[in-house]
């Protein structure tokens, strides 16, 4: 559809199917893609002030080239925009724009903007269509695939929201050159996750090629496409997370608890770092339960350390968390059902599975040992 | 499924299909119906303090009989609960309840509670299932069919929300005995609307049998079932209001403008009254355009007056609205597309159609004449 697209991943969800276009510097093709899909629609861009400073001009210019003058909504950067307050601000701004139900919301930003704008698109005038333009590695390989949108409340993260599929995802891999090394690494944790879920060949490929991904070589498009395809396959099989989709949460139960105990303070830990440590914990816990060879865990730790990711709870700056606090967060997790704890465990490299009914006492003993 | 059900209307929407059960005093069968549909789920009831005083005991007792102890959320009565503030209050309360994604929201109340609770159900944990127990005639024949849910904002009514279908609607016609005569009449306007859209036989039947409907005879179940079936047929053909569903808005463009100019002050006008006057205006405007015989309009006016509904703008207490103000509201209406006004007009009794591209000047001239 547009120049520079190196890979296209189709997310196959019947009438809600859509394409993910992946390539270097394809943001400048946004207008062309827009006009092809929505020849007579207007657009509203929802972004944050950080991303606006870097990429808004390119996006706007591209839309203007095809005769679309977008209305622009700039949110404050950071997780705090993913809130009732941010929702009201963004939704009211879309209504201010006077756009109509057939017009298009464009989410230009990372996971926060994608989750917020996708939710807003789903509820303004009972549903407008939307395009995701993810600008972080994390959002390109994770939050832009699968249609999970929403906000956080005082009860926890992502507890209010919708399954709402975009009509197009445009993943410009050159945009990732503007990320801090820390943010790039955090996103990479989710890339490695796809190998660890069920694709040992991909994990091996990552062990050999991760430097090319970080350097912006063609390996970057390859890794993003394989990650999107992996997620798309799971989502196509289980859109509403009845079962298999839970595998995508490998490392996330522990990870969310670590983010929670740090009060989501990005100075201490960001989501991808929580996932990295959480994946290591999931492997270690699997080993402790006699499910997984310790050598596999060592290999996972070695790779995550090689790219510079944290792998131990004590890698998080600040005080070590209390086990009780972590257990509280684990019990609150959405993956809990009727008091049993659901965990994603593994039987080996790329052999993850959903284990329902893990005993809380076993988790507690494991964490006490880790933090002892 | 439960005793006392006289009529069942199936709303046919593929995997989102559901039944509307209609009968006298069937609220006491809520528990039985719940257990049949959701054998291992918990329930949260969202209601308002007026309805709670009248019907909550019956609903709770019925659920307890089958071993379900519902969590209860009581909202303030009235339109102001259909707001961002009401949404946050209700959503946070559902999260407080510790219910899980597989549990059930029960909306016990009129249109406000149905719209709010249906929206909340759609977004808490990215979607819980819900049951509608509409307690007004208006909500039994209108808002409980079709899946429109949402809240109002300062930009207008129902601008934030979702299409979200319930899993069951339980319409207890005895509950309507507790309505004020004014509220019952207002709901009746929507019943008459189904005749005027495309079913002249039903309108004639109403002319003969309306007293039985008001008195709570078997005609009441008949009228509610025919209304629900009429709406269900339209919704099944056009769930997301691309076209035919717009017919359900007969009388609503004028009606919403009248509600708006009265600032939604229920002392002056309630929704059904706006619809009654709006339907008369739609017929008069159609006559003025040479589309509809004036005798048809007279017949519509005569019937609505017979049941005690307002039929003229001057029936609304307080100052007559300015034409400019009404035109502003009409232009803001969701049914506007690219500056053209969309109206539901009619060619005769029960011969309504969607007219796109009505000239604003013609509407203005008509209103000036009416208010002159």
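From the backbone N, Cα and C atoms, a Cβ is placed for every residue, glycine too.
TrEMBL annotations:
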{"type": "BINDING", "residues": "A:111, A:112, A:113, A:114, A:115, A:135, A:136, A:148, A:157", "note": "NAD(+) binding site"}
{"type": "BINDING", "residues": "A:190, A:252, A:271", "note": "Zn(2+) binding site"}
{"type": "DOMAIN", "residues": "A:73-185", "note": "domain '3-dehydroquinate synthase N-terminal'"}
{"type": "DOMAIN", "residues": "A:187-336", "note": "domain '3-dehydroquinate synthase C-terminal'"}
{"type": "TRANSMEM", "residues": "A:104-124", "note": "transmembrane segment"}
What remains of the binding-site residues A:190, A:252, A:271 once a 10 Å Cα-Cα cut-off to residue A:136 (NAD(+) binding site) is applied is none
Note: among binding-site residues A:115, A:136, A:157, least Cβ-dense neighbourhood at 10 Å is A:157
Given the Zn(2+) site A:190, A:252, A:271, its other Cβ neighbours within 8 Å of the Cβ centroid, in chain order, are A:138, A:142, A:189, A:193, A:251, A:255, A:272, A:274, A:275, A:278
The number of other Cβ atoms within 10 Å of the Cβ of residue A:190 (Zn(2+) binding site), counted over all protein chains shown, is 26
For residue A:113 (NAD(+) binding site), the same-chain residues 6+ apart in sequence with C-beta under 8 angstroms from its C-beta are A:46, A:47, A:48, A:51, A:75, A:81, A:107
Looking only at the binding-site residues A:190, A:252, A:271, residue A:115 (NAD(+) binding site) has its closest CA neighbour at A:271
Whole-Å Cα distance, residue A:252 (Zn(2+) binding site) to residue A:157 (NAD(+) binding site), is 12
Residue A:111 (NAD(+) binding site) and residue A:271 (Zn(2+) binding site), compared by Cα position, are separated in whole Å by 10
Taking only the CA atoms, the spacing between residue A:190 (Zn(2+) binding site) and residue A:157 (NAD(+) binding site), expressed in whole angstrom, is 18
DSSP, reduced to three states, assigns residue A:136 (NAD(+) binding site) to coil
As a whole number of Å, the Cα atom of residue A:271 (Zn(2+) binding site) is distant from the Cα atom of residue A:157 (NAD(+) binding site) by 11
Record-listed NAD(+) binders A:111, A:112, A:113, A:114, A:115, A:135, A:136, A:148, A:157 have a maximum CA to CA distance, in Å, of 21
In three-state DSSP terms, residue A:157 (NAD(+) binding site) is classed as strand
